[in-house]
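To start, the structure itself, in structure tokens.
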Amino acid sequence: RPFHVEPTNIVSVNDDMQRVTDEASAMNKRIHYYSRLTSPADRALIAPDHVLPAPDEIYVYSPLGTAFKVDSCTDGYGKNSSIVTIFMIWNTMMGTSILSIPWGMKQAGFTSGIILILLMGILTLYCCYRVVKSRKMIPLIDTSNWEFPDVCKYYFGSFGQWSSLLFSMVSLVGAMVVYWVLMSNFLFNTGKFIYNFFHYINVTDIVPGTNGSNKVICPSAASGHPPQNRSVMFSSGNNTGFELFEEWWNKSQTVPFYLIVVLLPLLNLKSPSFFAKFNVLGTVSVVYLVFLVTVKAARLGIHLEYNWFTENDFFVPEFRILFPQLTGVLTLAFFIHNCVITLLQNNRNQENNVRDLSIAYFLVGLTYLYVGVIIFASFPSPPLSKECIEQNFLDNFPSDDIMSFVARIFLLFQMMTVYPLLGYLARVQLLRQFFGNAYPSVFHVLVLNVAIVGAGVAMARFYPNIGGIIRYSGATCGLAFVFVYPSLIYVISLHRAGQLTWPTLIIHIFIILLGLANLIAQFLL
């Protein structure tokens, strides 16, 4: 007797088969992506033989200084909803640059700072579109598992491969150096707060500042370099003990070296997966910073005066020649171009990629704009000058400020968990290229990690200016990944297809020249 199948059952079977096919495809892409982050001998990010990666666990690593894990997706088959995709992009771009945005606005001028944030957001978003479309413009080749460095290698050969590695290392090492400087800063202020609290010491910094409960200070007023931990004690306690503490707990001379004891062993671990569990703190830190900025502004009020081209004792002009310092910071602040393909390939509805990317960029720009505008506008001028806004705006609040203390604790712990992940990425990208193995030996890994840590300690000791480090590294890696490669690849692909027009060529040459001018200006201003 022939087996009779109802039409409804056929539909159900076909749906189940399609779901299984989609799930297997998603898992294969995920396994392929994880395996690309490490060598075959290093199984830190390779699925074990007996376990397939759970489709609702997605790790996203970014060389910007952020790394996070999305623990749940809206479906169970390795695909993300648009909301999750937008959040992933926003969270990946929210790095250390947010701390320097108010300083950048001060360097550029308030009005020009707002304009530059909007223009740089639009420009970097357009270049990001070009990155997303780049692999789809390659004919007759399956590029579904390609990343942007693969596209660069296709168009530019070994030069594209090695140059993309070089600029990726610039962004990674630059982020790690900034992290070391900030961790030294946060650890110093945290230790100072705890020591003074438990020893009942009332200390005031030898810097100008406002009076009252909402104190704002100007650490760089007395000298042109970042402040040291000079202070005066107003208590009748043990002065000798306090002076000894001041000697051994110094922001630039001792604290950067203390971090070596904790972080250098962590960098030598083969697998960094344990630290990814804590990186949700990155989101918590950004949300708390926005909350802190809002509360401080509500208490301090708005202090603005519009001087379009002239400068006085308390306010800066609306337009300043130093504006490239802000564009350098913003290049790194909006930099996601070398990992955006990975972030978007798991979007459930691929036709929404452009829309979701645009929304994410809008939210990132809005966050930067909010923090920058609120800090600049609420900075108390007079009695302090707007020139007092520090490269890390938390430095404008004294170490005994409770809200700033909590922010520093959050950021310190978050950065100490992200730092080993960044070191792991640097190790994978560099050592695998030269030795074919991300962990060729303990000696190779130790030498690389000592070099990276040494760079961080040296910067924290002699050049602890995070705004300067961010703008230099941002303009350098941005020249390749934001301005040059996306534009050149788009022009070449159109030329090969016979669709290149003069207006398109002129526009993209202009974009490349902007990136080059942005880099050159960092060394001239």
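Just so it is clear, glycine is given a Cβ too, placed from its N, Cα and C backbone atoms.
Just so it is clear, the model here is predicted, and its values are computed rather than measured.
Some features that TrEMBL has for this protein:
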DOMAIN    81-192  domain 'Amino acid transporter transmembrane'
DOMAIN    253-521  domain 'Amino acid transporter transmembrane'
TRANSMEM  83-103  transmembrane segment
TRANSMEM  109-129  transmembrane segment
TRANSMEM  162-182  transmembrane segment
TRANSMEM  253-269  transmembrane segment
TRANSMEM  281-302  transmembrane segment
TRANSMEM  322-344  transmembrane segment
TRANSMEM  356-377  transmembrane segment
TRANSMEM  405-426  transmembrane segment
TRANSMEM  438-463  transmembrane segment
TRANSMEM  469-493  transmembrane segment
TRANSMEM  505-524  transmembrane segment
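For the transmembrane segment (109-129), the neighbouring stretch richest in Cβ pairs under 8 Å, chosen from 83-103, 281-302, 405-426, 469-493, is 469-493. Here the transmembrane segment (162-182) has Cβ contacts under 8 Å with residues 63-65, 95-96, 99, 148-149, 152-153, 156, 256, 259, 332, 335, 338, 392, 411, 415, 418-419, 422-423, 425-426, 429-430, 433, 452-453, 455-457, 459-460, 464-466, 469-470, 472-474, 476-477, 479-481, 485 of the same chain, all six or more residues outside its ends. Beyond the ends of the transmembrane segment (281-302), by six or more residues, the same chain brings 66-68, 91, 94, 98-99, 214, 216, 367, 370-371, 374-375, 377-380, 397, 403-404, 406-407, 410-411, 413-414, 417-418 to within a C-beta distance below 8 angstroms of the stretch. Between the transmembrane segment (253-269) and the transmembrane segment (405-426) there are 3 or more Cβ pairs closer than 8 Å, counting only residues 6 or more apart in sequence, so the two stretches are in contact. Within its own chain, the transmembrane segment (83-103) has Cβ neighbours under 8 Å at 58, 60, 62, 64-66, 68, 70, 73-74, 117, 175, 178-179, 182, 282-283, 286, 289, 329-330, 332-336, 339-340, 343-344, 346-347, 356-357, 359-361, 363-364, 367-368, 371-372, 375-376, 379, 389-394, 466-467, 470, 474, counting only residues six or more beyond its boundaries. For the transmembrane segment (438-463), the partner stretch with the highest count of Cβ pairs under 8 angstroms, out of 322-344, 356-377, 405-426, 505-524, is 405-426.
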